[in-house]
Amino acid sequence: MPENGRLRRTSARLTQNGTSTSSSTIYQNGKRTSQHAQETSTASNKKRKVSTQSKEDKLSDIIVDFNLAVNELYQLKEYKSIISWDPIENSSANDRGIKAEFEEFVKNNDYRLVWDKEIENNSNIDSLPLRFQKKKLAEQNKLLDDKFSIRQNVLASSKMLEESLVNKTRDEVKIESTFKAIQSQEKAGSKLKTPSQTSNAKTNIRKSGSTTPKRGNENGSRKQALEDQDEIIELSDDSSVVEIESDLSDAETHYRIKCIKKTVPPPLVTHPSHIPQWRPENLEDGNRSTGRLIQLKDSSSSSKIINFDPTPLEIIQLKDEVIAAPKLTEKLQNFLNNDFKTPIIDESNVPDYNFTRDEYNTIMSQQEKLLRKLYHKVNIENSLELNGDKIERRKVILPQSNIKLTDPFRNTFSVKPKLHGAANNATHQDYLLAQGMAFSKVHQQMRKQHHLRTRKIAAMIDQHFKKKKGEKERLAKEREQNLKKMSRLTMQAVKKRWNQAQKVYQIIQNEKEEELKKIKGRQHLSEMLEHSTQLLEAQLTSSREPTVEAESDDNSTTFDDNTNDSDNFSSSEEEENEEDNTQQQINGNKKYDVNGKSNDENDMSLSVEELRKKYADLETSVEPLSSNVTSDKERESETSSEDAESSDDDDTDVTRGLASLYQNDEVADFATTTFEYSAEEKKLIEDLNQESDSRMNSLLDSDSVSSISDSESSEESSSDTEMDQSNVSEPPRSSETGSNTGLASLFTNGTIVSDEEDDASISSNFENESDESMNSSDRELEVNGNGKIDKIASTDEDDSNVEIVNGSKVKDVPIPSLLRGTLRPYQKQGLNWLASLYNNNTNGILADEMGLGKTIQTISLLAYLACEHHKWGPHLIIVPTSVMLNWEMEFKKFAPGFKVLTYYGSPQQRAQKRKGWNKPDAFHVCITSYQLVVQDQQSFKRRRWTYMILDEAHNIKNFRSTRWRALLNFNTENRLLLTGTPLQNNLMELWSLLYFLMPSSKVNQAMPEGFANLDDFQQWFGKPVDRILEQTSAGNSDLIDENERTTQKMDEETRNTVARLHQVLRPYLLRRLKKDVEKQMPGKYEHIVYCRLSKRQRFLYDDFMSRAKTKETLASGNFLSIINCLMQLRKVCNHPDLFEVRPIVTSFAMPRSIPSYYQSTNELVKRQFNKDEKVSFQALNLDVTGCENMNYFVCQSTGKLMTTEPFQDQINKLKILLVEFENSDPINYVSYYQRLRREEQAEIKEKLEHVVYLNNLRCGRKPIYGESLLRLLTVNAHDFSDEPYNKYCLTLSGRVDKMNDTIEKYSIITPAAVALDMKDQLIPISTKQRILHEVAENKIDNPFHKAQVKLSIAFPDKTLLQYDCGKLQKLATLLQELTSQGHRALIFTQMTKVLDILEQFLNIHGYRYMRLDGATKIEDRQLLTEKFNRDPKIPVFILSTRSGGLGINLTGADTVIFYDSDWNPAMDKQCQDRCHRIGQVRDVHIYRFVSEYTIESNIIKKANQKRQLDNVVIQEGEFTTDYFGKFSVRDLVSDSNIGKEITDRTIDFSGDAKMGNVLAQAEDEEDRVAAGAALKEVAIDDDDFKEETRSATTGATPAPTETNALSTTDGDAAFIDVDYEDGIGHIDEYMLRFISDGYYL
């Protein structure tokens, strides 16, 4: 390390540094003290002992020196100085431990001593857990101890030595400060001059001071040593001033204190320059001024420790509390006047202090040298220039001018004078003058430039000194601004900390308040539900009392026979026990247990008369529930009975009905004794009582007759309904006043049946009945506008006319005659339940599962109102746009007697339909859509509607939307909601639907308090649903067992919460599932088919997941980008062509092949190398047979016509010329050229001779036989058949046809590149010319076209469509198996492009199919579905998931195949219900294709969780599905390689509109257009249910929060520190306590 020299001397310097400051005190009067001499001798003795040290002692010294050196180095590196260095702070002798920063410094720089490198190799120790790190270090220490036996002794001795060394240094510092204080006191005492009379007082004071008890420890710190010094006191006695030394506490009272002097000792170390060889680490980065000043010091002085012994600072405090230091003031004044100078420094970061005279002179000389260099560079060398406040290199800027500047001397060598005229007769003088004028202009321009440059330099210098003139003020202002800024930041930080503390305190308080609120809410809920259970049973019994009285008054034998009939007692034992328990509770005679089981004897053994006597006194206990029309005597008797009953049951306030449960002050207490009526009021009450009794008797008489026909009609269907209905019984009816309804109209006579009792009383097929439906109220009321009660219930009907619908007893109503069709048993029960809702003036929700016939039940209800109550309407039915036509067709089919108005069309058409609709019986039923009813809400609000029915009512789940508020204010008598999935997302939606059922005034009268307060409702029932899943599902199963009872797996608390919610919802909701109510319906079996990815799919999937962009996108957390990635992965799983279309392979076409460029050259070279000397036999007439085609006469004529004489004459002449010049040599140019000419002539002569020779040979040819003889002797050949030749030698067209199959089969590999001239090289020229000729005449086509195209363009094989996708491979096998067994399948997919691929797949395999997607029109959809259901020859129907869920009945199919799963499992469930519904006669098998080890397998797990929640909702769940409507990115992407980099972002797919928007943005452009067309119809419904939250209002008013006022006390009690004894503790705790005590406002 670079600090080795310093590290070795650190411990010695530490001791020297600690003792050097006391060197001045050791010498007194030039003599050395004995103490110092003794120390010197001790040090010399130590040096002598070094040589005799053992090995352990040497190692200990090395360790101590090294530790102290590292400690000092850390101090210098961290604080740039050792002014306040405490060696024990980071020493091993420190008991408080070593700082983590020091350990990090040692670790990073590897400043440690190593015993053995191999053993102490800790390179990988940081990657281990903490417990393994400790274990490894312990093992290392053990190995080192085993190897070095002296290690522990060396470490212990080094620690002791280091501790003694550090403590010794600190003790020397304390001794030194104490010695100085004593020395200063002695000097002051020697200078004391006092009269004799004051010396005695001084002596007395010193003596008293000597008896003063000691303060602090004997080994006290430096502060205590300073406090122990005697203080100098000046006493004034008249004119004499005496200075004495004593403690202030010992001063006598007869002295007056004039002033007090205190001495402040100097610091131990004052400057880092006092340490040898110390320099700053980075002079360039920081502390430049300090580094410069240190460099200015003499190098010789830096190698020694400078003795720094300043005199102590004396401070005087006068009587007027003025503190002064006169010596310090004089020193400062002397320094500023003589030694301090401020040089001019052109650096803003250098402060203007700490300059002595030498430093000033040094810096000034440097500045002078710098200015001289700048002057030389700027003015002499002209290499620099002053640009503002910067000195930069000079830039040469050429003047911009349009005039071309030329040098007259260099370019033209002269300046021509300008003269008028064409002639230039200028003389030498003219040229000289012109030259001088031009030169003068040049000098003038240069002079101007010099002037301008001088002005600029002067301006810059002036600006520079102006800036320097205000440098001090500017620096002072900057320092002031910095201080203000620091103060402001500090203030803001403190304020921010207090604000944070206040927020934390507020959060803590809110948590406490929320916890208290939850506790109160649970108590209130428990009390409410307990009282509700008691009073519901009480009202069940009280409803029978008026009937009992009527039976006792009426002695007709018919009624007695009916009541004595054994069928009246066919109800189950469970219901009788409940009735007995209710009566016992009201009478206060007996108690009942939690399950409602009675301890009394069974009422089955009692006769009717005995029962009348037994319950004769029941009226007094339940009178307040019946009517307020009673006499004063009856009220007194009721009051007395109530007083008697209150002593037995204090918890139940029967006089208030259900109002006592909800603490509703608006419900009046009519049963108290405080009511007093006048005479007129009593008379009016009696008249009303008589009138109601007469009307009740007439109604009883009329209903008794109708009950006979009802019973006869019920006997015909008894065989069908025997297995569907449980044991039935009819409790008697009674009426109530409209003012005291509360929840009475909702919960009247409602029985609370436990799960165990349901299993025992209801048939086996109704085991899970409580999972699907809710009870309804039994009491039937109709309140008129004047508050009178019309009793419409008939109590003389047989018990066979009363049935139990899911635990509630409702009246069996007759099937209306207007209804065309037959109702199934459970549909008849639904009609009874709906009729009871109307009779009780209660609204409800029919939440049957999709496919159970909610439409026909609604139509039967309207028909019942028309037939039985003569209520023809008008009724308003609001449905989605896509099913308006379906509703109209259902009305025409099942209830053609109604006038139906389908309200749709343009604004003009709708206005035309509204004309005259206020007339009576203009229409009975109005069917419209959500969108239109909101647009024309003013017209609909002006009309009074009998029933408002909302189909798909779960779409009004948002109570903040404009549509919800608009429909809430419609003028309707009753409301009915139809939904197949009442709870899709959260409990707020359920609250929204329930609140919608009870608008305006019904909220305070007919609803519990919890319904009106969303916060309480959420707090009671809206707990997270993950607890249910933890207990009910393993979460990894592929299939959900819907028949498994989920409640059995819940814990007690969860089961209780579900039971509470059931009790609150039971009057409003009726829900049945197909598997429970429709026993003739076949079973439904679901199969998960895992499909392996094909090789191409796996390659694309892994390639996409391994892309850096994909990892970056998933890790970024951007919502749309993540969805886009997930969509791409789903496309790969569905089919790789959706992600990347298999390309059409084409070859690269080259105009010429590579060999063609050098083929001709190659042939020529080959010909030259293979050239052989050959003899032409034909030219020499040696080819005997070559002349047989010639005639004799032709040969003779040829010989005669031969003319060789001209050639021979020319040859002879050339011979003569050549002979003359044969031996002549060239002697000159002429002879040379003549010789060249003779050589040419000789060559010509040789050619002519060769021509003559060849001509003679050719003309002398003669045949042996001749052509005539050969023709004469030739005989014609026999004509053989050409069939073998034609068989093997085909024509061109025949060869093309024969090779087509070979080309088709074996042309499978497309080359990467093809050459267009290959056919020219392979096909002979003759053949090519013949083909071209025939092609030009259109005789044949190009025979090579197919081979060329087949090789150059390769289209994907159609069979690859199946083999590229694992799902299609599975689908091919599955369809082959299904069609062979006669099954028909529905194939659902989410993506529109998958439908196109499925069409190609079905066409390849030859299956007949039909297609339906979002682009199919509404009128065509019905035709397609009917055609498919009628024609069994069509085995496959492919549909879009969204279009398949919109009012389609496809019972002709018995198999459902989900090619891909929808994000929302509710959509898949709707698709299943299109096949598994009423009319299906075969078992339905559902196959769900899932690509294994992909995103789809993760999606199906989440979908299964939500589907299991569907088994829990409404009956067994905690009614919040937000957990399942959201997906986690990390859960979906199961790739472990990038799982750590992905942000665990939650993706919400709970809303269909949100889902559609996200998918539309994530898909490709082509697929987006196709999906938009496919989802066109869904978009219309989405427009109907589009939420508008801009003008949203809060659904519930939060409860006010109580705030406790801060309690303050008077006097000092408000400021008592209550934490004084325990201590402040952490600052955060102190701030919280400070705020909680109310001091922080």
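Glycine residues also receive a Cβ, built from the backbone N, Cα and C atoms like all the rest.
Database features (Swiss-Prot):
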| type | residues | note |
| --- | --- | --- |
| BINDING | ASP848, GLU849, MET850, GLY851, LEU852, GLY853, LYS854, THR855 | ATP binding site |
| COILED | 461-521 | coiled coil |
| COMPBIAS | 12-44 | compositional bias 'Polar residues' |
| COMPBIAS | 184-214 | compositional bias 'Polar residues' |
| COMPBIAS | 555-571 | compositional bias 'Low complexity' |
| COMPBIAS | 572-581 | compositional bias 'Acidic residues' |
| COMPBIAS | 639-652 | compositional bias 'Acidic residues' |
| COMPBIAS | 701-711 | compositional bias 'Low complexity' |
| COMPBIAS | 712-723 | compositional bias 'Acidic residues' |
| COMPBIAS | 727-752 | compositional bias 'Polar residues' |
| COMPBIAS | 1591-1605 | compositional bias 'Low complexity' |
| DOMAIN | 416-488 | domain 'HSA' |
| DOMAIN | 835-1000 | domain 'Helicase ATP-binding' |
| DOMAIN | 1367-1520 | domain 'Helicase C-terminal' |
| MOTIF | 951-954 | motif 'DEAH box' |
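Looking at MET850, LEU852, the binding-site residues in this record, the fewest other C-beta atoms within 10 angstroms of the C-beta turn up around MET850. Sorting the motif 'DEAH box' (951-954) by DSSP state (H, G, I as helix; E, B as strand; all else coil) yields 2 helix, 0 strand, 2 coil. Cβ contacts within 10 Å of GLY853 (ATP binding site), excluding its own Cβ and spanning all protein chains shown: 21. Neighbour count (other Cβ atoms within 10 Å of the Cβ, all protein chains): 22 for GLY851 (ATP binding site).
LYS854 (ATP binding site) carries a helical DSSP state (H, G or I).
DSSP gives ASP848 (ATP binding site) a coil state; it is part of no helix or strand. Annotation for ASP848 (ATP binding site): same-chain Cβ neighbours under 8 Å, separated by at least 6 residues, are GLY830, LYS854, GLN857, GLY980, LEU1070, ARG1071, ARG1072.
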